[in-house]
Amino acid sequence: MIQKCIFCGKEYHIDDIIYTCRCGGLLEIVYDYEEIKDKVSKESLRKREIGVWRYLEYLPVENLEKIVSLQEGGTPLYRCKNLGEELGLKELYVKNEGANPTGSFKDRGMTVGVTKAEELGIDVVGCASTGNTSASLAAYSARAGKKCIVLLPGGKVALGKLAQAMFYGAKVVQIRGNFDEALEMVRKLAEDGKLYLLNSINPFRLEGQKTIGFEICDQLNWKVPDRIIVPVGNAGNISAIWKGFKEFKETGIIEDLPKMTGIQAEGAKPIVDAFKRNSRSIVPVENPETIATAIRIGNPVNYPKALDAIYSSGGYAESVSDREITEAQKLLARKEGIFVEPASAASIAGLMKLLEMGIIDKDERIVCVTTGNGLKDPDAAIRASERPIEIECDMEILKSIIEKI
Ligand SMILES: *Cc1c(COP(=O)(O)O)cnc(C)c1O
Ligand SMILES: [Zn+2]
């Protein structure tokens, strides 16, 4: 097990705290896949409880006693017949990551990332966040007895996420700036050795997140979807999920790979722009803006990995408007009983748009990843809903109402 630069190929020891290669390239964790192949089988995996740690051999942890866990992963994969029918689709699923302990997929990354901090003997952890990373890191660092500092873009974090970060006891710092600026600042602190950085630039975090891909195969009885649709912000998750599928193929668990399809918001779509230019580099968006605050990111650090995932899987990248996001969020709640935050609904909105454009075939087996829980952003939900009716305690009025629903 080593850390390897995806750009120049330079290798680093698994315990080097570097985040990126000396050449500036992103790092990824590489395993001895022959060894994993010898150790695991579909049957042996199934003997363990579902969740991130079911896939232990694929995770960069040496000392199992150090694991910091809140029983993350094992989230439902819902077959969505109602929404599927509405859209004319044969086989639609939603992988609902909002069911994680702090309500987003970030928990999968944090269980591995904070465990790594524990193995390294580091006491102070930190991150920049649009909200969910801070909520998750605050929880896992509390569980591990570590100090935690989180930098947030002031005034742009959904209420539920802010409440979580504060309540788990993190030192919460709001900057008068956006996420990209917050990340730049906290990266400098990490370079000076002031804290262990747990943004998705940290390759250990992505190792936890790749288990979304493992679980989807597992829950589909080892069938592989034709397409995975993921909302894209800092672009770590789509990269991680792709790595998961590739590793399952490499170790003989599956034979096919899905088309990775990334969805961004119209006001924050540097990766979509790069894809439409058929380019491998992005032009950062200066002032990203969208209702989907979790993907309000103009300069995604993981873009090289994400573009590679999209290109090499034959996938696609598309953007959706805030209105399309809100409509999709409502539709998913009303057709399937699944309440997700706006960023998550971007995957559904993207699906609808790509169907209309003829990019997605109605016969495909499709999994949309809904990344965070709807309760994270109550303001967005209330703004998009009809007000409650207020009445006197009068049965006649109540009866007239029930007649009209
Ligand atoms: C973090 C997050 C995203 C974006 O994931 P990236 O790995 O940054 O692309 C999307 N949706 C939600 C709810 C998130 O919390
Ligand atoms: Zn390098």
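Placement of Cβ uses the backbone N, Cα and C atoms for every residue, glycine included.
Residues annotated as N6-(pyridoxal phosphate)lysine in TrEMBL: LYS106. In the three-state DSSP assignment, the secondary structure recorded for LYS106 (N6-(pyridoxal phosphate)lysine) is helix. Taking Cβ-Cβ distances under 8 Å and a sequence separation of 6 or more, the neighbours of LYS106 (N6-(pyridoxal phosphate)lysine) in its chain are ASN100, ASN132, THR133, ALA135, SER136, LEU137.
Under the heading domain 'Rhodanese', TrEMBL lists 124-168. Within the model, the domain 'Rhodanese' (124-168) shows a mean pLDDT value of 97, rounded to a whole number.
All chains included, 31 other C-beta atoms sit within 10 angstroms of the C-beta of GLY233 (pyridoxal 5'-phosphate binding site). Reduced to three states, the DSSP call for GLY233 (pyridoxal 5'-phosphate binding site) is coil. As annotated by TrEMBL, pyridoxal 5'-phosphate binding site applies to ASN132, GLY233, ASN234, ALA235, GLY236, ASN237, THR371.
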Residues within 8 Å of the ASN132, GLY233, ASN234, ALA235, GLY236, ASN237, THR371 Cβ centre (excluding the pyridoxal 5'-phosphate site residues themselves): SER200, PRO231, VAL232, ILE238, ALA294, ILE295, ILE297, ASN302
Spatial neighbours of ALA235 (pyridoxal 5'-phosphate binding site) that are distant in sequence (at least 6 apart) but have CB under 8 A: SER200, GLY262, ILE271, PRO300, VAL301, ASN302, TYR303, LYS305, ALA306
Binding-site residues (ASN132, ASN234), the one with most neighbouring Cβ atoms at 10 Å: ASN132
Least surrounded among the binding-site residues, given as ASN237, THR371, when other CB atoms within 10 Å are counted: ASN237
Largest inter-residue Cα distance among ASN132, GLY233, ASN234, ALA235, GLY236, ASN237, THR371 [record-listed pyridoxal 5'-phosphate binders, Å]: 14
Cβ neighbours of GLY236 (pyridoxal 5'-phosphate binding site) where a neighbour is any other Cβ within 10 Å: 27
